[in-house]
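The structure under discussion appears below in the form of structure tokens.
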Amino acid sequence: MEHLIKDEIDKREKIVKNFNTNYLLEAGAGAGKTTIIVERVINHIIDGSVNPRNIVAITFTKAASLELAQRIQRKASDYLSKEEYFFAKERLERVEEIFTGTIHSFCELLLREMPFEAGLTPGYEIVEASEKFYEKIWYEFLREFEERYKEDIKNLNRFNIDYRELKQSAFIAMDNPDITFVGFKDKLEFKSVEEKFERIDTNVLDASLIKTGSNLGKLCISIIEDKRNLEDYIDIILIEGPKISEGEDLALKFIYKKHLQSDGVEKIVDFIEILLSIYKDLNAIIYNMCTSFINRVVDYKDKRYTNSLTFNDLLFRASNLIKTSSKARTHFKNKFKCFYIDEAQDTDPMQAELLLLLSHDGDIEELNSLEEVKPRDGSLFIVGDPKQSIYRFRRADITIYESVKKTIASHGEVVYLDINFRSTNSICSWVEKNFKDRKDGFAFAKKATKVQAGFEKILSLWSDDEKEIDEEKNKLSGVYGYKFSEDMGIKEEEYVAAIVKDIIDTRFIEEKIGRDKIETRKIENKDIMILTKSNEETGRYLDALKAKNVPALLAGEKKLGDTREVFNLYLLIDFIIYYKDEIKLIAALRNSFYLELETINYLLKLERQEKILFNEEKIKVIKHPHLKEILVYLSEIFVDSKALTPITFIELLIKNKMGIYDCYREYTEIEKRDADTSLVQTLEILKSKKPISLYGVKEELEDIIEKKVNYELPLDLNFAQNAVRIMNIHKAKGLESSIVILAGADKKRTLGGDSHYVEKIGNKTKGYIVYKKNLLVNCPDEDNKKSREREFKEAELDRLIYVAATRTKSVLITPSIIDEKFFLQPLSNDFSSIIDAKNIEITKQDEASSFRKLEEIKITNSLIKRNQISKPSYLKLRPSSLDEFKTYDREIELLEDKHTPRGIVYGVIVHRVFEIILKNKLDIEAISQIEINYAIKTSIKENIETLELDNDTLEGLYPNNTFNLEDIKERENIIKDLEIYLVTNLKSVVDSFLNNKDIVELFSNAKRIFTEFPFTASMDTSILNKNQNEKVIVNGFIDLLIQNKDGSFVIIDYKTDIVSNEFCQETFTSRYINQLEVYKKVLEEVLKAQEAIVDRLLIYSTCLERIVSLKETSLA
């Protein structure tokens, strides 16, 4: 062990003092990489062979660059205080001239210095919100060029592809400016494929030979028996084509065994092979059409937004500047002599290209590929750890790292550092045992492979004595498991919070002081870091710790709208703008002012809100003190909203607290900080947007409550410095903690989908978009590309676990898991012991009302009794929940028609199709096939892709299907089969609706139409024929509301019930008249001021394809 340590110390001494050699320093977790960079930079300056302004230090994050700059400054100050370095004083005083920053800030420096050489104007802008930028470009492109490319759109529609579904793929192409997205090499025409199909001689084919158990077999039989046009079979060919493998025995797969020796078998096989070639041709044509359309969007962006650069555009333009401009190369090579690159394993292709070209000793025009780069001696000092390469989704590629490593090995030296200064010996030994040479295929081999890093050893200088730890039961050291199960009746985050609370209250830990001294102390909040697989989980752990009153900070992103006080601010502003809207008043009182429903109901029974709000005399006589206080405050801020600027008004509301914070209870320090932080972030965002009115504020708040922002905004430094940290694993890279808890026992080992594939051939980078599954199109050689990408992703998951496990100094706590499908299961080995939560009582926040809230309810009830209001309630109801208006049980159908889709899910799909098609449409004859296809595909996507399939659901959606439940679970393609069937069915349903003469007449007489018309109304139940006079909120949707030219209204409800034509009038009236009469009464109540009259109540039956007029009951 000692000789290994001596060898490594010698290596470190050499590399920090030798400046004429290019180095790649491959150093594992906790190896002190930043310390080495700082030491070498200072020694480099002292050596005098380089000026500070000639040094570039590139880090992965802004925080890392700031830390590096500060450490270099401190180190320089240390040397300046020593007389023996007086000769280097002038150089050490200029360390601030070193460029220290991210690769993006370095690229911006290059472009700002020579914009014209880069094809830019000096005033170019940096776009940070790339997603919104791409969305803006997409819709601008469609507006300007939809007419020009209508032929392309028509061709896409021929294959049931809505061009609008290509939006996300266009975003991917725009976000990768260095990639040329291509398709299939052969440029085929659809006409030639049609001709190939037409040449099939079905007269010589015997359909009786073909098995009927598969959809492709059924397709073959259908073509033979009633050959139609190719367009009628496109969807099914695109679905079934990929299911046949190259070289598969087609006869064995598709011919009945008893007919295998029949004469017609060979012709059937030839026929199927022709169909497969047609599938390949169709797939290539469609793929190329989609990619061509996307490339037009990219071209539009490049021409129209030359001076608007995303972060990836910065990289691309800077790299391109160095490649194409000899003037720029000469200038920047003279200016920047030495590059220090940290976290090199996270380098993407454009970054690697830029830095290698700037360091190249020679003319880059002679290079055929980056592998031929020869860096100038001493120009590169690269630090990385391939075991921590976890950013493939940002195009960081371990193969790029290995390529750079090969270049340095040829023109410099690769140095391996194995000492870990961070972790104890027990942690390092456990890591080595669990991440090296495992027989189950997890983690790392000794030598690197094409997809995975190598791992030889990890050494620790911190020895922890396990015997001593055993004696001191309250001291934690080593690796612990925790056993969590949903059977415990609590959530995992609550269980982990209980463990954290117990650790902080009762346990001790060893801490290393300096090189040799170790002391035992009580565990503090700041010692603990909780890591999750994804960012979405972090908020749950924060809430669980807050419930335990444990100070905690989240690193990462959150939605500001998840903070109740921010949402209350939005509701308050919404009410101030629309103060006459009773629903908005209820929302503000219930949420912003935390009033109970009984109190709100009491207010609403007093008088119409517009007569009492902001009326000082009427407010004075209100006997409910809490209500009076709120109404007085609303009057005051209503006046302020007119007198103050929008931002000043928001600042006043936040300062006042009332209507935003819960004034009925005391906030804990943690709750108060969380609310304050979120409101400050909200205010800062609003200030940056500069809204000129409250309407503008409301619009910005709508965006803000969905906006993801950085969690960390420590208003209280003391709090921030002693809080449990919670973050996802990616965020934790480069950080450390005394105790690390890996949470997420239920997180599976999922890889995620692919958006595109990349191929590097020489100096050219080609890309292939992976289109949505429902588009039924595959890229060239997609199976092999997908398989290759899967290898890289699987390897990166192992590295992600490695990063998580190596953040700790002395204690690692992880779930004990048996099932291999779970993400953290590979770590369920060799625990020091199992750690249990000692205090798992779950504290439910806001469960108990404060004294003031109890007082409010008491006063409200007293006033209600005094005014003899019996059984007050303010209920939110749907019409079907009122007893008098119950509809029939939808699960009971009068006819057992097995040939027609039916059931609740099918009904939802049909409703959604009609909603999309008819929205804002008065002229239904102008509805295009493109719009119909889009509506059908959208509705199916929204309702089918997430469907839990079972036999009952399938029986309703897919009549006469040949599958049973066991088959479905094994078949990934059942969704596609369902979609094809439903597309055909829904096209027929829509066609019948749009061509129905009664529907056409209704639309021709329409002044306005409303689809899925939402209503929420406060009503006395006396209006609904209730015996008692109660106030209720009734809400729901009217499927189709038509306002006639004479001002009257017609209500139409879509029904998918299977009924007979003979008894449809009686059937629909008995089932639905009550429901539609509620709609009528509610609508007339809502539009009472307009004296609205509902003229007719109609049902459109998709089963009968006709309108049915309902006979109203005595209620009408």
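FYI, residue positions are counted from 1 along the chain as it appears here.
Using N, Cα and C of the backbone, Cβ positions are placed for all residues, glycine too.
Bear in mind that TrEMBL entries carry predicted annotations, made automatically and left uncurated.
Because the structure is a prediction, the values reported are computed rather than measured.
What TrEMBL records for this protein:
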| type | residues | note |
| --- | --- | --- |
| DOMAIN | 6-424 | domain 'UvrD-like helicase ATP-binding' |
| BINDING | Ala27, Gly28, Ala29, Gly30, Ala31, Gly32, Lys33, Thr34 | ATP binding site |
| DOMAIN | 448-734 | domain 'UvrD-like helicase C-terminal' |
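Structure with TrEMBL features highlighted.
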residue : record           : Cβ neighbours (10 Å)
Ala27   : ATP binding site : 20
Gly28   : ATP binding site : 26
Ala29   : ATP binding site : 23
Gly30   : ATP binding site : 22
Ala31   : ATP binding site : 24
Gly32   : ATP binding site : 16
Lys33   : ATP binding site : 20
Thr34   : ATP binding site : 16
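Look at Lys33 (ATP binding site): DSSP puts it in a helix. Other than Ala27, Gly28, Ala29, Gly30, Ala31, Gly32, Lys33, Thr34, the residues of this chain whose Cβ falls within 8 Å of the Cβ centroid of the ATP site are, in sequence order, Asp385, Leu417, Asn420, Phe421, Arg422. The DSSP secondary structure for Ala27 (ATP binding site) is strand.
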